[in-house]
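Copied from TrEMBL, the annotated features are:
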type    : residues                                                                                             : note
BINDING : B:Y53, B:F97, B:E100, B:L101, B:A102, B:W103, B:R104, B:G105, B:F106, B:F107, B:D196, B:G197, B:D198 : FAD binding site
DOMAIN  : B:97-218                                                                                             : domain 'Cryptochrome/DNA photolyase FAD-binding'
Amino acid sequence: MTESLIWVNEDGINPEHKMFRDYPDAPRVYIFDVSYLQQWRISHHRLQFIYESLLEIPHISIYKGETVAVLDSLLQEYNVREVITTATPNHIITGWQDEILKQADLVTYPQIYPVQDSSSPRRFARYWRQSDRFWLTP
Amino acid sequence: MQQLKTDFTSREDMAAYIQQEFPFLESPGGLSPYLGGRKAGLARLEEFKIEQYGKERNFLNGEVSRLSPYISRGCLELEEVRQWALQHPLSKSVESFVSELAWRGFFHLVYQEEGTGILADLEPPKVSLGKHQITLPEDIARGETGLPSMDTLIGMLRETGYLHNHARMYLASYVVHFRKVSWRSGADWMYALLIDGDFASNHLSWQWVASTFSNKPYIFNRENLERYGGAVLPGDPRQGDPFDASYEALAERLFGGEYRPEPRRSSGNYQ
């Protein structure tokens, strides 16, 4: 029985991502959010690039609509209570994630950076002085 | 909720379907040369001559990775690109490339900390920006400014969904400082058109140019444009050329003495 749903977002379209190996039987979905596309006047080229990238993910189902409403419907359709996704700082996507959390558990795979310190020093030169050795070490 | 097709016979077939399903999207016609997907990203990584990057990266026709669409959309992970770079013998060039990856990490840190705060001035501007117009002039949006250099860059952006980083800075500086348009209007416009559109890298770079996330405004002059873009860009009419001046004269004209550049300022590097 399927217990989870993988929700791919536009900042994490990687067919080799660990989440696909960890949840091999989970349905994989992507939603083109019409309100977002219209509000931010996203170009055809960006949408096509995303679409082409998605098609490398086996068995992906792609939807058009309002992200949260579509996910709600899919949670019911698949009868699952857990959504698997990837982290992004994108405030629009994190807003959707917050909404989903009201309906389901959310497992978010973090982005990987060589430096774990999460405070920003506000100037890159300062940041680089503090962290270059981490970035330059394999 | 509508499920979309996943079987296409060609990129053109997909483009036509997208146009049918999303008729409101801005489309210049034609296809972007940037093919989406991890496979295409890995192929680009294979082609990238990282040893040449350090010396050439500021030139519009120089060797740059053009990986940002693949990294921004997650097809390639930043960490795997960093590890790939560090497999090469450490050199100024490798270090320079890794530091550009670090810029991305830095911007994300700021975005995580500030959230939607990055959509407004993060700091007081170092030059007056308060009277800038808040809508993007149509001639800029259409690439019909009358300046062949800027129109070429706008054309590239619209037709391919990608611009070299230095070209993004030229355009941002032109929009904000030469045309007196609010950085937010320009940033939203570019975010919409870029395949690699990312609020952190895009909007914070515009703020960097504007001086609301940096210590000074970023401007360029004719000499800089010719040096780094001359091989790619057409020349502009000499009569009334807005860029043809020393940095000191430009700063005086654009900012009325609010900002005085250091003498001999040359490259368009972030600092």
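Backbone N, Cα and C define each Cβ position, glycine as well.
Just so you know, TrEMBL annotations are computer predictions that nobody has curated.
Annotated features taken from TrEMBL, shown on the structure.
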{"residue": "B:Y53", "record": "FAD binding site", "DSSP (3 states)": "helix"}
{"residue": "B:E100", "record": "FAD binding site", "DSSP (3 states)": "helix"}
{"residue": "B:F106", "record": "FAD binding site", "DSSP (3 states)": "helix"}
{"residue": "B:D196", "record": "FAD binding site", "DSSP (3 states)": "coil"}
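Proximity to chain A (Cβ-Cβ distance under 8 Å) holds for the following binding-site residues out of B:Y53, B:E100, B:A102: B:A102. The binding-site residues B:Y53, B:F106 differ in how many other CB atoms lie within 10 Å of their CB, and the one with the most is B:F106. Across the domain 'Cryptochrome/DNA photolyase FAD-binding' (B:97-218), mean pLDDT in this model comes to 97. Contacts of B:D198 (FAD binding site) defined by a Cβ separation under 8 A and a same-chain sequence distance of 6+ are given as B:S72, B:F107, B:Y191, in order along the sequence. Long-range C-beta contacts of B:D196 (FAD binding site), restricted to its own chain and to partners at least six residues apart, with a cutoff below 8 Å, comprise B:S68, B:P69, B:I71, B:S72, B:R73, B:Y162.
Cβ contacts within 10 Å of B:A102 (FAD binding site), excluding its own Cβ and spanning all protein chains shown: 23. A C-beta separation below 8 Å, combined with a sequence spacing of at least six in one chain, links B:E100 (FAD binding site) to B:R57, B:N165. Counting only residues at least six positions away in the same chain, the Cβ atoms of B:I71, B:L78, B:A200, B:S201 sit under 8 Å from the Cβ of B:R104 (FAD binding site).
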